[in-house]
């Protein structure tokens, strides 16, 4: 996106939900996908960086997002919220269906510019987190790792937790790593800088 193009991030709305490519928006707007395990804070991330309270519905029940949700941002950019992975109470067949839907989008969508891969800063990445990061690297899809829930950890321990996450992911230094908290509104500007650099 050209520097002179100012993005009004508050001018955002949910556009549509899609189960497969026949339902995707048919235009050339750049898209940023958001991926992460259930309850990592994807909806809170979307709401926080867009300055909206309930645009993306947060849920106490993990596994709520079952479709690709496309958010229109100022008619210049879209966020695509993909179903949270790693939720045990969803059947194997349902998980396989979600996996196929996510893979189809990530590997075939020309509009896709980068993926924001959300992980929980408090814990070492899950097997699914590592698989997602490896998948994105394999397909050469630009990835921005956002480590959420930083407010749950004393600031003095952030570096230690960041090191644990990076080591587990075998983090590529050319990728961007952002410590984020929707509660304390930490990492918003860094997230936008990284996103706009890709579009």
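Each residue, glycine too, has its Cβ placed from N, Cα and C.
What Swiss-Prot lists as GTP binding site is 36-43, 63-67, 81-84, 148-151, 180-182, and the listing cites sequence analysis. As annotated by Swiss-Prot, Mg(2+) binding site applies to 43, 65, with the evidence given as sequence analysis. According to Swiss-Prot, the domain 'EngB-type G' annotation covers 28-199.
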(message) Can you give me the Cα-Cα distance between residue 36 (GTP binding site) and residue 43 (Mg(2+) binding site) in Å, rounded to a whole number?
(response) 10
(request) Please report the number of other Cβ atoms within 10 Å of the Cβ of residue 67 (GTP binding site). (result) 16
(message) A 10 Å Cβ contact count, applied to the binding-site residues 42, 149: which residue has the minimum?
(response) 149
(message) Just to confirm my parser: what is the rounded mean pLDDT across the domain 'EngB-type G' (28-199)?
(response) 90
(request) Using DSSP reduced to three states, classify residue 36 (GTP binding site) as helix, strand or coil. (result) strand
(request) Find, for the listed binding-site residues 36, 83, the residue with the lowest Cβ contact count at a 10 Å cut-off, counting only other Cβ atoms. (result) 83
